[in-house]
Each structure stands twice: as structure tokens, then as C-alpha cells.
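*Asks:* Okay, so Swiss-Prot annotates it like this:
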TRANSMEM  19-39  transmembrane segment
TRANSMEM  56-76  transmembrane segment
TRANSMEM  92-112  transmembrane segment
TRANSMEM  116-136  transmembrane segment
TRANSMEM  178-198  transmembrane segment
TRANSMEM  206-226  transmembrane segment
TRANSMEM  236-256  transmembrane segment
Amino acid sequence: MLLGSVPQLDRVAVQLGPFPVYWYGIIIGTGVLLGLWLATREGERLGIPKDTFVDLVLIAVPIAILFARMYYVIFEWEYYVQNPSQIINIRQGGLAIHGGLIGAVITGILFAKRRGVSFWKLADIAAPSILLGQAIGRWGNFMNQEAHGDEVTRQFLEGLHLPDFIINQMYIDGVYYHPTFLYESLWNFAGVILLLALRKVNLRRGELFFTYLIWYSIGRFFVEGLRTDSLMLGPLRIAQVMSIGLVVISIIFIIVRRKMGQADKRYSEN
């Protein structure tokens, strides 16, 4: 597709009759499947049957998407109260990761209790998978030309040595923008590598998941400061507030669980 003289990628991957299939959904789905593959491999190594994570994903993903959308709609209520028909339209984005995390954690706790397994063990195994899914999912924002930063020049983007297809996709309505999706995606990919390495350190149970929350939140805090489409509560960027909260809560949980003897088991213990 051409916008002016700048070639760009079409957000629609394929048209099935009257129904467009968007790259956003394909990319999100790919992230889920690769994350599931990573979790099932590690789960089997630690004695958790493959179908445990398959069942968890089948339940948690729809609920996480629902919570992600609800979270987004709540903080954009002025728009959606005037356009209620758009509340269920997620084909072009509008999913908030923090809302999805809330839904996923609630589902994971209830699922673990019902299956009689440790939630912290499931969370630790799933942590790299969740971050991998987030790293891949940001490319859905890229295809939708959303979640970008402030205005920049083409020369600035070329100075980052980015490939032309990224630079061109950051040209929106006659202006080039910061590719904040890319910054966060690269940060998340680096986090996946870190979490996979920390598996070998054999941390106390639950601490790999808290490390994920801390790592992701630090990156998200700084990237969010560059974005132009942040969900706001008065003068505050909600994602930055949530990021600070998650870092503080994670550190407190690590310290308190150790002092209370609730983190005696190690990552690889049954």
C-alpha cells in the first residue's frame, strides 16, 4: 500500500470475502503459540503434563483479552460511551497489557487451585513465555501504526540504522514517529533471554515471575514516557503508575515471602 510516496505495509493480511483478517490478530496469535510451546517444553522437564499449559492457555487467553479490552475501555470511557458499538471491536488494537496481566493472574490462581498445583510454579514457568508473547505482540502495534512515540524526522530514524520497512511504517499522516513498539519489543526479547538464563540459577519459587514483572515494568515505564497515546488518569500516565506499582509490589513480595518462609522451595523442585 502507498501513502503519498512512502510505501507501507497493509494492516489487512488477507480478505476472506467480506471479512478482513488483520495482521494484528495473526501476530498476537503467533506470540501465544510460541509462548505455549516454550512453556510446555519447560513444564514437561519439571514434571508438569503438556496438557496443563494447553488447558491454561485455552482458558486464560480469552479472559486476558477480555480484561485487556475492559481496562482499555474504562480509561477511554469518554470515547466509548459515545461509540458503544466500538467496545467489542478489537481487530485494530485497543488491548491494554496491564489489564491482560490482571486477567491472566486471576485465571492462573484459580486454575492452579483447581488442578492442585503451585501457582508460583506455573507462573515461573510461564514468565518467559508471557514476555515472549509481549515482545512479538508489539509488532501487531507496528502493523496497526499505533503505540508510537512523538514526531521525529526520517533522518533521525535512518540514524538508528532501521530497515526501510520500519521507517516507512512510522510515516503516519505525513509525519514520522518514534518506533516505541520496537524499543519495547527489543527490551522484552532481552528480558526473555535473561529469564531463560535465570532458570539455571534456580531461584526460589515465584521469584522468576517477579523478576519478569520488574524487568517488563522498568522498560515499559521509560518507553511509555515517549508515547503519544497513553491511557491517562488526570496528568498521570496509567502504564507508568502501574509499572512503578508492580516493581514495588514485586520487591516487597520477594522480601516478605523469604522472611515468612514461604519461598523455601526452589524453581526446579517438585
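Sequential numbering from 1, following the chain as shown.
Note that Cβ sites are derived from N, Cα and C of the backbone, with glycine treated the same way.
Could you give the neighbours, burial and distances for every feature on this list?
*Replies:* Sequence-remote contacts of a segment are chain residues at least 6 beyond its ends whose Cβ falls under 8 Å from one of its Cβ atoms, and for the transmembrane segment (19-39) they are 9-13, 53-54, 57, 61, 91-93, 125-126, 128-130, 132-137, 139-141, 143-144.
Residues 27-28, 30-32, 34-36, 38-39, 42-43, 46, 48, 52-53, 56, 97, 101, 104-105, 108-109, 184-186, 188-189, 191-192, 195-196, 199, 203, 205-209, 211-212, 215-216, 265, 267 of the same chain, all 6+ positions outside the transmembrane segment (116-136), place their C-beta atoms under 8 angstroms from a C-beta of that stretch.
Through the fold, the transmembrane segment (206-226) approaches residues 97, 120, 123-124, 126-128, 130-131, 134, 149-150, 178, 180, 183-184, 187-188, 191, 194-195, 198-199, 237, 239-240, 242-244, 246-247, 249-251, 253-254, 257, 263, 267 of its own chain, all at least 6 residues removed from its boundaries and within a Cβ separation under 8 Å.
Sequence-distant contacts of the transmembrane segment (236-256) (same chain, six or more residues past either end, CB-CB distance under 8 Å): 75, 96, 98, 206-207, 210-211, 213-214, 216-218, 220-221, 224-225, 227, 230, 262-263.
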